[in-house]
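A short write-up of the structure that comes next.
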Amino acid sequence: MNHTDLLNIAKTFGDPVYVYDSGKIISQFQRLTNAFGSVKKLKLNYAAKALSNVAILKLMNSLGSGLDTVSIQEVQLGLLAGFKPESIIFTPNGVSLEEIEEASKLGVRINIDNLSILEQFGSKHPNVPVCIRINPHVMAGGNSNISVGHIDSKFGISIHQIPHLLRIVEVTKMNINGIHMHTGSDILDIDVFLYASEILFETAKNFKNLDFIDFGSGFKVPYKEGDIETNVEELGKKLGSRFNEFCKEYGKELTLAFEPGKFLVSEAGHFLAKVNVVKQTTSTVFASIDSGFNHLIRPMLYGATHRIINISNPTGRERYYSVVGYICETDTFASNRRINEISEGDILCFKNAGAYCFTMASNYNSRFRPAEVLWHEGKAILIRERETFEDLVKHQIDVKDLFAQKKEKALAK
Ligand SMILES: Cc1ncc(COP(=O)(O)O)c(C=O)c1O
């Protein structure tokens, strides 16, 4: 997919628009699979939260991926996309017992991350196998919002609570078929994965009927120019051989599971937006685009950097711009960034727009959410229409003349 293809997509489907390259998703899936080639039973469960368009889920299903879900709605989207219930794992945090029971009724695998729900679920459904999310107390991840395996984190059952956990399992006679951890996103250092894995292996020895160990995710992908990424090949070699060794100790060929989001879809995504205004102030040149953090919140939420390319003028002289959105508060995508000369009407392409971009989009400022397009085998396929005014008011209830009298009184004054 080159710049001309992207410009044609913006022309055909309008802007702003998200574009996903299926080829990149497929090659990332294969890359991670190959990296763990030494492991007999490997299962990648795509983390649906990263990008949950049903077309993307169908693509993942066709690759043999499972699905990691965090809400009953993601479970339903997975089933709609054709995943078998047993290929879906439900890994929620802080949801009600009822939601977990609803997922269990649909036949998906259950991952529980707190002792209270574990005890309640185990007492009511001792025959349903359950995976346990462990908190290994490891500080990992690109920033505090996405570091989730440390001691102050709300996620997982503390490794210091294993005795309590074992008592619940013994009393309820429930069957623990998997153990799981996810310590954060954007983890560069593979030693962090290896260190946390040892904690998981130690924990696993407490459970005799495991089928799988799920190491979560958190692989870092390059965002900025010159960024380095998690070396999944080296991790595959080291963790793969350690895992095989552990399976021998354990006496059973277990499945090694991961639940990657970013690694599979981040780089496949491109967000295209038009420049409405080039505004020169006394200090800055602003390029204001026909979008805002309502469509792509990561820069404002996490301080994330997305590379921005002026695909309408990719060889123009480079100048410094602050790229901003139209939202009624600070809405900055990039400050003083060198970009090829921008004119009003140019199309800017935001890279790494596959993961946690559309799925975090909102209608703030009463704007429509953008269209989504899949680029597959040289063709652009619309996979979500741009919203319309009808979508904005669809679920609002018209109060008719409820305030008519009030208005009449106010006018009479
Ligand atoms: C439990 C769990 N698994 C997997 C992921 C996916 O992480 P990443 O997108 O870094 O691969 C997340 C991300 O928040 C998560 O919370």
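Including glycine, each Cβ sits where the backbone N, Cα and C put it.
Sequence annotations record features per position, and here TrEMBL assigns active site, proton donor to C328. Annotated pyridoxal 5'-phosphate binding site per TrEMBL: G218, Y356, in sequence order. Positions annotated as substrate binding site by TrEMBL: R298, Y302, E329, Y356. Sequence annotations record features per position, and here TrEMBL assigns domain 'Orn/DAP/Arg decarboxylase 2 C-terminal' to 18-354. Taken from TrEMBL, the feature domain 'Orn/DAP/Arg decarboxylase 2 N-terminal' covers 23-266. TrEMBL lists K49 with the feature N6-(pyridoxal phosphate)lysine.
Overlay of TrEMBL feature records on the structure.
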residue	record	Cβ within 10 Å
K49	N6-(pyridoxal phosphate)lysine	18
G218	pyridoxal 5'-phosphate binding site	30
R298	substrate binding site	20
Y302	substrate binding site	16
C328	active site, proton donor	9
E329	substrate binding site	10
Y356	pyridoxal 5'-phosphate binding site	25
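Comparing the Cα of R298 (substrate binding site) with the Cα of every entry in K49, G218, C328, Y356, these being the recorded positions, the smallest distance points to Y356.
G218 are the recorded positions among G218, R298, Y302, C328, E329, Y356 whose C-beta comes within less than 6 Å of an atom of ligand 1, given in sequence order.
Reported as a whole number, the C-alpha separation between G218 (pyridoxal 5'-phosphate binding site) and the residue listed as 'N6-(pyridoxal phosphate)lysine' equals 13 Å. Within 10 Å of Y356 (pyridoxal 5'-phosphate binding site), as judged by C-alpha distances, the recorded positions found are K49; the full candidate list was K49, Y302, C328, E329. Those residues noted as binding substrate (R298, Y302, E329, Y356) have their most widely separated CA atoms at a distance of 21 Å. The two recorded residues E329 (substrate binding site) and the residue listed as 'N6-(pyridoxal phosphate)lysine' have their Cα atoms spaced 27 Å from each other. Under DSSP, C328 (active site, proton donor) is assigned to coil, being neither helix nor strand in the three-state scheme. In this structure the alpha carbons, written CA, of C328 (active site, proton donor) and Y302 (substrate binding site) are 19 Å apart. Reported as a whole number, the C-alpha separation between K49 (N6-(pyridoxal phosphate)lysine) and Y302 (substrate binding site) equals 17 Å. For the domain 'Orn/DAP/Arg decarboxylase 2 C-terminal' (18-354), the predicted model reports an average pLDDT of 94.
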